[in-house]
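**Student:** Once you've had a glance at the structure underneath, I'll fire off some questions.
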Amino acid sequence: MALPLSTCLLFHPKESRSRRFCFSPASAASLKSGLHSATSAKIASMPTCFEQTRGRIAKLFHKDELSVSTYDTAWVAMVPSPTSLEEPCFPDCLNWLLENQCHDGSWARPHHHPLLKKDVLSSTLACILALKKWGVGEEQIKRGLHFLELNFASATDKCQITPMGFDIIFPAMLDYARGFSLNLRLDPTTFNDLMHKRDLELKRSNRNYSSETETYWAYIAEGMGELQNWESVMKYQRRNGSLFNCPSTTAAAFIALRNSDCLNYLHLALKKFGNAVSAVYPLDIYSQLCTVDNLERLGISQYFSTEIQNVLDETYRCWMQGNEEIFMDASTCALAFRTLRLNGYDVTSDPVTKILQECFSSSFRGNMTDINTTLELYRASELVLYPDERDLEKQNLRLKLLLEQELSSGLIQSCQLGRSINVLLISQVNQAIEYPFYAIMDRVAKRKSIEIYNFDNTRILKTSYCSPNFGNEDFHFLSIEDFNRCQAAHREELGELERWVVENRLDELKFARSKSAYCYFSAAATFFAPELLDARLSWAKNGVLTTVIDDFFDVGGSVEELKNLIQLVELWDVDICTECYSHNVQIIFSALRRTICEIGDKAFKLQGRCITNHIIAIWLDLLNSMMRETEWARDNFVPTIDEYMSNAHVSFALGPIVLPALYLVGPKLSEDMVNHSEYHNLFKLMSTCGRLLNDIHGYERELKDGKLNALSLYIINHGGEVSKEAAIWEMKSWIETQRRELLRLVLEGKKSVLPKPCRELFWHMCSVVHLFYSKGDGFTSQDLIQLVNTIIHQPILLNDQTGAGLSKLHD
């Protein structure tokens, strides 16, 4: 007999189907171990600042906040006037440097991370050079030199974060300092080590020279000195006049070549920030997409629907126009592609594939990308929808291997900083590898994202920069508050479901297993909004009933009882007391009829029409498919694989769980819609994925029990000449094709007949079955107890780090 979803959620594939699943007192206690008797004081006080937090986040959509870069501002300050080499072009930048030196003599970012001393050294030396060039700030130069001398050892400290190009640029600036006759009393050993390291890197790059090396050298042009071929550098000039959207590189190019477009770009950058510049400009698209990504990953995007829609529309417009801000940056391109495609925009994967081919060929990867970019590209490469996207699929396999290698080597390099950053990054990479986006339920993914969220907002290129759009405590706070609010409602709904089981006497059926918590969990973990209560309970109740009836067909009922049950559903308006063959049939049919009528009444209020007959028809399809399998087993009939799948995708029992819930998620569904081929195709694709996954993992058990199975039938239908391994590979390829087609239909809104919230339910269920089978041997009951606990019973508590950050925000 087929395993319906709720049965799958209970059993290890090797466990016997006839085994009854019961909770011992210990396991029942384990299931609710996370339910705290008293809510923490921090969580209890959260609602008072919920709206304030939401308001602050909303402001991020209207104003991009990006930190000023002292390093880049110093290089812009070195730019001479177009009319006189003896005068600065941007005297206000010089004044900014004079006014923003720190008390210790450095030019560090406020509250900079202690592992950023190399960045501080580089920024401080650049500021000194700018002031010395124009003969101003003698006292500031003196204090800056003193800071460099005291902290020079950090330049070769392997424990410190090394900014991009530091080993080339910093020694070059020391050479410039000597040219300015600056008297730096530096430790000779450290100085010689720096120069030796620079020479080695230059020799290695010359030995392995490639287009990627040329790009890297162009990016760090200010550190190349006389070695730089400026004509080759200008190949990388963008439409806005910049080189790599980087003020320091562009300033160095203007100093060398007097290119007017470079100068125009610098004026634009200063217009944006006043008397200083950022490390990257422009960065608007990436910043806004980071905000959207944070909100979606943490489960709070519903509070910012209008703002997010505006960002998506603008990003799509820029994508279609070929905006360089998207297509010349790997992270931005990958994030834009993933966000747009997942939100139903028609975007080609070609730009992502091209960037992947460029970024990860040769040594360029180590110079211009880090683990965050690799992870972003990996997530984008998962979204293969079309048969002609084989290149993207191949790159996905490469990226997965690369991430696994970096994890195993322990050499994770990040452009992010923060407390326990390595632990957080490793957790994020592990989650991405272990649970592909299609194999994790939405609420489970969001809980994991909240738990491993790194709200440090620092990034590092040649220098560090930060933005609250990249991450902040407000995102984290709002997501925790929202998760716990929903979870409290979910616990009440689970209690209602458990009462329903007792009221309908389903607990009296000795052959049936207790699984209401798991059936409800699959709903709460996929569509969790409070207003979808009726849809969740419909999903869960029908999940309970499908497993009860599956058990009845498999071990609990005689042939006469099974036929009687089907006849009762067909006749519907019958006298239960006289027409039921047995007590068990009476309980099952009574519960089924009462539940279908209840769902029909609720749906009538939303739909404005009676849909009860449709729900009855859905149930009859399932019952007849189960009876057909029973008859096949009785008659020892061996169907073809096509005959089997035509019936088995229905007997997998997802129809009564998913299809009635479509009427309760909000949009109106006309009779034409539910009769449309799209509706039936979505159901078949979803159910086929589930059936094949089940049959692969249940092969050994069902073979031993002499039961029909897609895998065994595939081997039989090929004359026994196909090995089990080859058959499994073929089945997995089939699953992949079906899953991608399902996702394409769910995402392609313009061509769709069904409303998006309805299409998404099919994808949610597909994720449920993929999550269960994502582990080699399936989920054990203990795995599921832990998952149910985290989604329904265990609130997320603010840790000390988050609490401290929030205290500063809300004081």
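Quick reminder: no glycine exception, Cβ is built from N, Cα and C everywhere.
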**Student:** For the motif 'DDXXD motif' entry in Swiss-Prot, name the matching range from 10-14, 345-349, 550-554, 740-744.
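**Tutor:** Result: 550-554 is the stretch Swiss-Prot calls motif 'DDXXD motif'.
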**Student:** In the motif 'DDXXD motif' (550-554), how many residues does DSSP call helix, how many strand, and how many coil?
**Tutor:** 5 helix, 0 strand, 0 coil
**Student:** Determine, to the nearest whole angstrom, how far the Cα atom of Asp554 (Mg(2+) 1 binding site) is from the Cα atom of Asn694 (Mg(2+) 3 binding site).
**Tutor:** 16
**Student:** If one measures from the C-alpha of Asp550 (Mg(2+) 1 binding site) to the C-alpha of Asn694 (Mg(2+) 3 binding site), what distance in angstrom results, rounded to a whole number?
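**Tutor:** One finds 15 Å between the Cα atoms of these residues.
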**Student:** Tally every other Cβ atom lying within 10 Å of the Cβ atom of Asn694 (Mg(2+) 3 binding site).
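**Tutor:** The answer is 26 other Cβ atoms.
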**Student:** Count, for each of the binding-site residues Asp550, Asp554, Glu702, the other C-beta atoms lying within 10 angstroms of its own C-beta, and report the residue with the smallest count.
**Tutor:** Asp554
**Student:** According to DSSP, which kind of secondary structure is Glu702 (Mg(2+) 3 binding site) found in, if we only use helix, strand and coil?
**Tutor:** helix
